[in-house]
Amino acid sequence: MGLSDGEWQLVLNIWGKVETDEGGHGKDVLIRLFKGHPETLEKFDKFKHLKSEDEMKASEDLKKHGITVLTALGNILKKKGHHEAELKPLAQSHATKHKIPVQFLEFISDAIIQVIQSKHAGNFGADAQAAMKKALELFRHDMAAKYKEFGFQG
């Protein structure tokens, strides 16, 4: 399941573009997640009151959380699979405190791919998409393994 050096380079190249506007990308990822999978919104007490896409777009808190999500993921991606130190606290909080099912990580991974595709189509061709999908699968696989260590079947 590991990525080649070339695949990691594709992932990190496109991630550099994401980092130029983490707030915009992050908000768009969360909106896409919540609109595509409304059940995910139930895990976010802070955002449950946001019913329309316009309310979500106007939410500074949603933007801040989007930055938090993408910053954490970016730190993990930059480790090129050697992300134990970064992954463990994230998995622990998501398993024991937030109780986020692994399936929701799949949903947000899909939203990330879709947002990058919509914002950076010219830089996110088939090879880069395949590499990013592989990197996000590795992330989810390792999160699921950590969940089990924390006794959460998610």
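Every residue number used here counts from 1 along the chain in the order it is shown.
Glycine is treated like the rest: Cβ placed from N, Cα and C.
What Swiss-Prot records for this protein:
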type    : residues : note
BINDING : His65    : O2 binding site
BINDING : His65    : nitrite binding site
BINDING : His94    : heme b binding site
DOMAIN  : 2-148    : domain 'Globin'
MOD_RES : Ser4     : phosphoserine
MOD_RES : Thr68    : phosphothreonine
Nearest-integer angstrom distance between the alpha carbons (Cα) of the residue listed as 'phosphoserine' and the residue listed as 'phosphothreonine': 27
DSSP-derived helix, strand and coil totals, residue by residue, for the domain 'Globin' (2-148): 118 helix, 0 strand, 29 coil
Rounded to a whole angstrom, what is the C-alpha distance between the residue listed as 'heme b binding site' and the residue listed as 'phosphothreonine'? 14
Listed in sequence order, the residues of the same chain lying six or more positions from His65 (O2 binding site) whose CB sits under 8 Å from its CB are Gly26, Leu30, Phe44, Lys46, Phe47
Other C-beta atoms within 10 angstroms of the C-beta of His94 (heme b binding site) total 22
Test of understanding: give the count of other CB atoms lying within 10 angstroms of the CB of the residue listed as 'phosphoserine'. 10
All chains considered, the count of other Cβ atoms within 10 Å of the Cβ of Thr68 (phosphothreonine) is 12
